[in-house]
Amino acid sequence: MVIKVPTRELELAMLAKLKSGVGPEARLGGVDEVGRGALAGPVSVGIAVVDGTTPDEFPAGLRDSKMLSAGARERIVEQCRQWPVDLAVGHAGPEIVDRLGIIGALRAAAGAAYRQLAERGHAPDAILLDGTHDWWSAASLWDPGELPNLPVHTQVKGDANCAVVAAASVAAKVERDHLMSDLSQGYPRYDWAKNKGYSSPTHIEALSQLGPCQLHRQSWKLPGVGGKSSE
């Protein structure tokens, strides 16, 4: 299987357009999420910020995080954090998923990451978002409205095609995986150290025997137990 190598073509074109409007200090945020389909734990969003000073050469081995082994992600994650101007990861726990729905939780996690960047003086002026759905702009009645109104460009397979999004993807995946491994120590039978909160035979077996814990998404239809359907 050939794994696609990301490029900077789209992000550089977007930066050039931004500079004509915002000025030479314009910053672009590449955004990706992890944990969206998990049964337990947070949904997490990474934002990597690039500008005109960002080196053209991105970390060797950078790919969509889903296409890399855990070891490969660990080997390049620090480079992924150092290459852009800044990078932040935000999390929204299962209680937020249950209260706001998955889109509201994505926005809450992105808001947490955005605030970190803003506090360090690196807030992006526009967003390059992985996927087809602009959830960044999709506020709802239940949404806390934590995200600024920024221009958003959605890109299919952005995490595979765009270096800035791939960097955000790797950092978010590694940080969430570490968090789930830590949480697994308190709930070892769910096997989160291995499955990271996603569906797996051992996770489903534990759900059928123990039922869900407080770190499961209670509003979802969890395999092995009854419950409400996910949205």
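Glycine residues also receive a Cβ, built from the backbone N, Cα and C atoms like all the rest.
Curation plays no part in TrEMBL annotations; they are all automatic predictions.
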Residue in D130, D134, D177 which TrEMBL records at the divalent metal cation site where D32, E33 also bind: D130
Cβ-Cβ neighbours of D130 (divalent metal cation binding site) (radius 10 Å): 24
Among D32, E33, which are binding-site residues, the residue with the most C-beta atoms within 10 angstroms of its C-beta: D32
